[in-house]
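Noted in Swiss-Prot for the protein shown:
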| type | residues | note |
| --- | --- | --- |
| COMPBIAS | 1-21 | compositional bias 'Basic and acidic residues' |
| REGION | 1-36 | region 'Disordered' |
| TRANSMEM | 40-60 | transmembrane segment |
| TRANSMEM | 85-105 | transmembrane segment |
| TRANSMEM | 136-156 | transmembrane segment |
| TRANSMEM | 174-194 | transmembrane segment |
| TRANSMEM | 202-222 | transmembrane segment |
| TRANSMEM | 243-263 | transmembrane segment |
| TRANSMEM | 270-290 | transmembrane segment |
| TRANSMEM | 319-339 | transmembrane segment |
| TRANSMEM | 355-375 | transmembrane segment |
| TRANSMEM | 382-402 | transmembrane segment |
| TRANSMEM | 413-433 | transmembrane segment |
| TRANSMEM | 522-542 | transmembrane segment |
Amino acid sequence: MSSDDTVKQEHSCSADSEKQDSSCASDNEQPKEPQSPRNIHGLLWVVTILAIYSSTFLFALDNTIVANIQPAIISSLNGIEKLAWSGVAFVMASSATVLTWLQIFNQFNIKWMYIFSIAVFMGGSAICGAAQSMDMLIGGRVICGIGGVGQYVGVMNFLPRLTTMQERPMYVSAMGLTWGAGTVLGPIIGGAFTDSSAGWRWSFYINLVVGGLFAPVYIFLLPSLEPQPAGTTVSSRLKRMDLVGTLILFAAFAAGVIGINFAGAMYPWSEPGIIVAITLGGVLFIVFGIQQTYCILTTEETRLFPVELVSWRQPLLSLLFVCGCCTGVCVTVPTYVIPLYFQFTEGDESLQSGVRLLPFVCLLVFSCVSGGYLAGRLGYYIPWYIMGGGFCLIGSALMYTIKPSSGPGATYGYSSLIGLGSGMYLQLGHAVAQAKVKPEKVPAAVAFTTTAQLNGLTFALVLSQCVFVNEAAKRIGWILPHEPRSTIVDAISGTGSTFVQELPTATQNEVLGAIVTAIDRTYILCIVAAAVTLLATLGMKWERLFIEAAAAA
């Protein structure tokens, strides 16, 4: 054997030995925890995440804070014909601008756009608190809705960048806890301010206090995240935004919501203006869909809606969108109508009627936190949609049977089932969608699931008010055929409650029964939403998504 062959053999043996040692070493090593993507830890991280969640809480709070304080607002500002807009203006503005905010956060510095959205929200809150007319209040609510949803999208952009894949379901569910808690605590907090010496204006001023408290955290602790390469000009960033789609979508929401909101309450359904508004809204939504699908005056990269996530071959994201809309419905309807039920049947004041939501709130918060934690630990997501949809369906069907004589216990128990079910998948879709897409598509997934939830909330509020007002007015009209419709609408809106109290006892009981029946009808929306959720699970897979995604990462 030559010296060269000897060297080669020794080298080969040495290499084999190294490989064997390396293999043994790797077998003995424990799997490493995923490296944290954030550079703040410990107490500073706790303070930072609390500050982030506080903005989500305030946004959710403003969704429903006017639910049971509208009579006090009307008493101060007048303008009964614009009553419903104190709530609808906020959710309409949020739904119409959520996709635009997503593009803004995808083009500009995330930290400073987040702070800008908070400033817009605080400005709108100041206008609402200082409002001297209903028009001023409605304008402030629109500004609040635009800024509030910007905060929400900002949080959904921060969390994926500051948490690991394994942590994410827990943090997203914790955000769901704050969002759900804010949504259902809105009537309680609003009622507390209204019934106290502070008055209803502090329902809006409180946002300024909380925002000011956490302002140093936003400015000094939040990391500066730049989504675009350094040196990218403002003009080039704006060119990557779909301004045409933004205008079409906002106009579609405005027309559709105006038509549905005013129909029956202010004008008959046959009114030409109502027909035109509803028709125009529908046409504009179709135009928006065509413009986005075929990239008219936009491109595949810059279009507003993430059409690429909608696929027949991989339907999971589309099913998550549907379930997101459904959970928005199941949270919104009880939040608005349970206080209304107790105001009419028990004569509750604003605060007391809001407190009646606590069983619903507690179960929603519990299931949201526990569901998010267990989904992250176990990896499966489909069981939470099945159980959540089932509980919502049972609870909603039982709430449909409520009568004036049912008593508080039945309402507490039945609504708790809805809270338990809706909490199970309230925020789960955000984590699932982000885990199913490539890293560069995470912002689009955020837009997709956030849009679903806000759309469900918006149309649940608009449609439930429409169903309640029209059903109650129709049934009371049968009982009191000689009363003007405007008087009846005022009474069922909460601004003319003395009208009901002054009726003879027998007639009063009939009217009360008609009102409760109208409230029951709103739960048809929840029944349908829960049933659709269960149907959607038929297209989902049993997969350990979060564990697999974390391993791949």
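Cβ coordinates come from backbone N, Cα and C, glycine included.
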Exercise for the section: May I ask whether the transmembrane segment (40-60) has at least three C-beta pairs under 8 Å with the transmembrane segment (202-222), counting pairs 6 or more apart in sequence? Expected result: yes
Practice task
Return yes if the transmembrane segment (355-375) and the transmembrane segment (413-433) have at least 3 CB pairs under 8 Å (sequence gap of 6 or more), otherwise no.
Solution key: yes
Problem - Highest-contact recorded stretch vs the transmembrane segment (136-156), from 40-60, 174-194, 382-402, CB pairs under 8 Å - result: 40-60
Fill in the blank from the handout: Best-packed against the transmembrane segment (413-433), counting Cβ pairs under 8 Å over 243-263, 270-290, 382-402, is stretch 382-402
Exercise for the section: Report the listed stretch (40-60, 243-263, 270-290, 522-542) having the maximum count of Cβ pairs within less than 8 Å of the transmembrane segment (319-339). Expected result: 522-542
Problem - Contact ranking winner - 85-105, 174-194, 243-263, 522-542 against the transmembrane segment (40-60), Cβ under 8 Å - result: 174-194
Fill in the blank from the handout: Per the Cβ under 8 Å criterion, with at least 6 residues separating them from its ends, the transmembrane segment (243-263) contacts 84-85, 88, 92, 95-97, 99-100, 269, 271, 274-282, 284-285, 287-288, 291-292, 296-298, 303-305, 458, 462-463, 465-466, 470
Problem - Outside the transmembrane segment (174-194), six or more residues from its ends: residues with CB under 8 Å to it - result: 53-54, 56-69, 72, 152, 155-156, 159, 200-203, 206, 331-332, 335-336, 339, 349-355, 357-358, 360-361, 364-365, 368-369, 372, 419, 422-423, 426-428, 430
